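Below is one structure, written out as structure tokens, with a few remarks after it.
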């Protein structure tokens, strides 16, 4: 998620430029969904996106949200994530980052890894499997601070 409004404007401009370069129309619905994804402070499900954007654009259908997410995924602006549960979550891809998922409540948080470590992991995988590594995506699982607190409170 961008830190400042200037970041949101910049990401919107860059994203719209990318869509136009690929001859994809910038419909009002697509613009609203794109803005929502850029500003999202979490990794929403399609239902959450639908519920939130229809407040601003009441005529939008769930199918429109799905179709626009698919378009944004096809051009690499949005990533679909499926973790231990089968629910799809969506993430705006504005920089390389990884995810840690709470095993208790399902909350997802972003984190960064020093590229040196990612290169070491890629090299190790290549040496062990003879695969050519093209992309690294880390998913870690644990307990978020809130669930840790609940566990601590239950132990008292």
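Here the Cβ of each residue, glycine as well, is placed from N, Cα and C on the backbone.
Keep in mind that what you see is a predicted model, and the values were worked out from it rather than measured.
In TrEMBL this protein carries:
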type	residues	note
BINDING	102, 105, 144, 147	Zn(2+) binding site
Residues within 8 Å of the 102, 105, 144, 147 Cβ centre (excluding the Zn(2+) site residues themselves): 103, 104, 106, 107, 143, 145, 146, 148
Other CB atoms within 10 A, centred on residue 144 (Zn(2+) binding site): 18
Number of Cβ atoms other than its own within 10 Å, given for residue 105 (Zn(2+) binding site): 11
